[in-house]
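Read the structure below first, then the notes.
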Amino acid sequence: MTLETFWFILIAVLWTAYLMLEGFDFGVGMLLGIFGRDAEGEDGATRRRVLLNAIGPFWDGNEVWLLTAGGATFAAFPAWYASMFSGFYLAFLLVLVALILRNMGLEYRHKRHGETWQRRWDAIIVTCSVIAPLLVGTALTNLVRGVPLNKAGDFTGTLLTLLNPWSLLGGLTILALSLTHGCFFIALKTDGQVRRDARALGTKAGLVSAVLAVVLLGWVDLHTGTTWSWITSAVAAVALLGALAANLRGREGFAFSGTMLTIGMAVATYFVALFPDVMPSTTNAAYSLTVDNASSSHLTLQIMTGAAVVMTPVVIGYSAWNYWVFRKRISTSTLPTKHDPLAPLPPSESLQEAGR
Amino acid sequence: MSNLDLARWQFAITTVYHFLFVPITIGLSAMVAGFETQWLRGRNPEMLRLAKFFGKLLLINFALGLVTGIVQEFQFGMNWSAYSRFFGDIFGAPLAFEALLAFFLESTFLGVWIFGWGRIPEKAHAACMWLVHIGTLLSAYFILAANSFMQHPVGWKYNATTGRAELTDFVAVLTNKVQLVTFPHVVASAYLVGGGVVMGVGLWLLHKHRGTKDSLMYRKAARIGAVVTLLAGAGVAVTGDTQGKIMTEVQPMKMAAAEALYTTQDHCAAFSLFTIGSLNGQSQKAAVKVPCVLSFLATGSFEGKVDGIDDLKASLPAQLQKQARAEGVPAAYSQPADAVYTPNIPLAYWSFRLMIGVGMTSTIVALGVLWVTRKGRTALAKPWVWAGIAVPLLPVLGNSFGWIFTETGRQPWLVYGVMSTKTGVSGNGAGTVLTSMVVFTLLYAALAVVEVRLFLDYTRRGADPAPPDPDAASTDEHDTPAPVSFVY
């Protein structure tokens, strides 16, 4: 295997890890809008806190996989990075705005007590948790499908070129998978009514995802697929059905692992179908960016390989520790009482009293 | 405005905005880690209260620093795709290293720190904040290495077959002499900001709580902040001085522009404190100058020769073109088409002065704070309270001026002498770039309002009271987590 191929695989792994991990916190973000209302004996505000606390320690670290995927693409395939980000300009602008607002919502929502304040941030979190996976899915599908690139590697289409039926189907599939994944995560991480609701919704969302994913992956395999992409697609389909079955039997850990594998294999299908291109040109096949013509020099790839080999296990190690530390289920009953972070403080002792 | 102008404006806005938050994060994470460690050593509940209080301010600020950093990373591909293609082989690696070594560390351990109170051992909890701080430093190192390459390209060669610049020596890129002075300078400036925030907030709360027991705690914070500000100020001065000499060596035009020095001074060049009138070399109305100081700043000797703009304009282009030709870089990349070889002089002149001025002012205020709070004094005169409010702002602005100076002083090149700014821009239409510039600027403005309000509200409220029994906050393995201050 050449270094270029190795780096193609690594970037595929980074994108896969990103969607497998942030997928569930996107899903939970959407659930905020679905489960965030009053339900049997539980008030909506507390339910929203349960959902947010479930992803609280994780979502920020999950997002770093995207930044690493971007950075690694820049370092290992500069021409790909340049064409992709300048070509998908407005789409990425929207993704960035969605991610920025979503992050701010997750960080700032709890910093103030007011009803209006929290409602507004909730709306932002929900909206952005829908937009981000939708657009990331759209962009990745366009990548596999090919876009008009000229000889210099510059995108010659418009925003509408990117919004074609297949790419939109790709966006919807990633969206539905994220929602299912988020449901299973919540089912695994919480207790009480929220957990039961998540299981019920997970089944419905899972069935929709299954239909979308089968059509999408089937098309990808017919479009540029290989034997391997058929295999990964098949594994994705089986994993999703397995996840649904596990969910029905109340095996939440298996259900969550199942959607994890589904998303992993779906993204793997994309990259297997893409290889050896990294960004096919629909204008002229000769203009396509490939692992060979878009890659960095050998020296850069070697240095990056050294860093990746040493650092990836370390990163995975402490991320795993993070998930281990916060492994307990939370529910409306175990959540500490809500407090106003800006509530007035009791008057502090005066110096004279303290001196006495 | 052209696509190029808009892309430059957008880069400037994004960078300056991002860098308002970065130094606060670097400086404050160290201060919070320090407070928490002090608490572990002495079990003084005030230290825990300060750690939690400044921790909240850190989090409010970290959120914005992070999201603006995301835009920064993708902006190279969006707006500067020709640059990314040409220099990605070298420039991409430090960015990828930053993500792999620094971002994961910061994000993961900050998450553990926020939610980990009472769930992990206390020492591990404090270690999390130190890891966050180490992450910020690593982040700074790699980003500054990438920037230093643009200021002074080393460890690369032009490959005529692939038509791009390629890496030849990564160690050289990481130990670029510009980098070796820039990193300590930027980190010292970040500590200046961290110290300034703690000092200013401490002073203000000390005044607000005067006469109460809490005033002693805020006095302590103000004094610790002042000591950090002083030490950092000394560090900023020393590293800045060294940096000036390296800059004169590798980018003589930048130093000349910083001084608006038009004619070469063979010895004893004067440092201009300020100038009234135009900086075009002809119609200067008045200027206050300190003899020989510029020579010292630029060369380390009061007798050193400093080149002026006019002379550099005559000699520099030929010299740089010769270098670029020797590297084999096509003239289309290395020569600014309109043959402008000087940066914007007034911008360089004033940003350089403001950078130094605000840095020095904050150090002087820190000295004053140590004086007025000596020997247990807690009663402050009003001006010191105002100083407390101004002081955190000054070094933050100083950092911005520093970046404006160093980045605009490099113009007209993206990579000094090798790639002109004009040739690096993406082919996107001006409308596209304008759209994103407007969107980001409006978004940034709105978020700035939110963040400043939150920051002020939390500052005004002050530190939470000490927990009734600090031992109760130790690790518990029960199913019901103890109510902790940071849970959402």
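Cβ coordinates come from backbone N, Cα and C, glycine included.
What TrEMBL says about this one:
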TRANSMEM  A:6-29  transmembrane segment
TRANSMEM  A:80-101  transmembrane segment
TRANSMEM  A:121-144  transmembrane segment
TRANSMEM  A:164-188  transmembrane segment
TRANSMEM  A:200-222  transmembrane segment
TRANSMEM  A:228-248  transmembrane segment
TRANSMEM  A:260-279  transmembrane segment
TRANSMEM  A:299-321  transmembrane segment
REGION    A:337-356  region 'Disordered'
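Segment contact holds for the transmembrane segment (A:164-188) and the transmembrane segment (A:228-248), given three or more CB pairs below 8 angstroms at sequence separation of 6 or more. With respect to Cβ pairs under 8 Å, the transmembrane segment (A:260-279) is most closely packed against A:6-29, considering the stretches A:6-29, A:80-101, A:121-144, A:299-321. The stretch from A:6-29, A:121-144, A:200-222 with the most CB pairs below 8 A to the transmembrane segment (A:299-321) is A:6-29. Outside the region 'Disordered' (A:337-356) by six or more residues, the chain places 45-46, 49, 110-113 with a CB less than 8 A from a CB of the stretch.
Counting residues of the region 'Disordered' (A:337-356) by DSSP class, helix then strand then coil, yields 5 helix, 1 strand, 14 coil.
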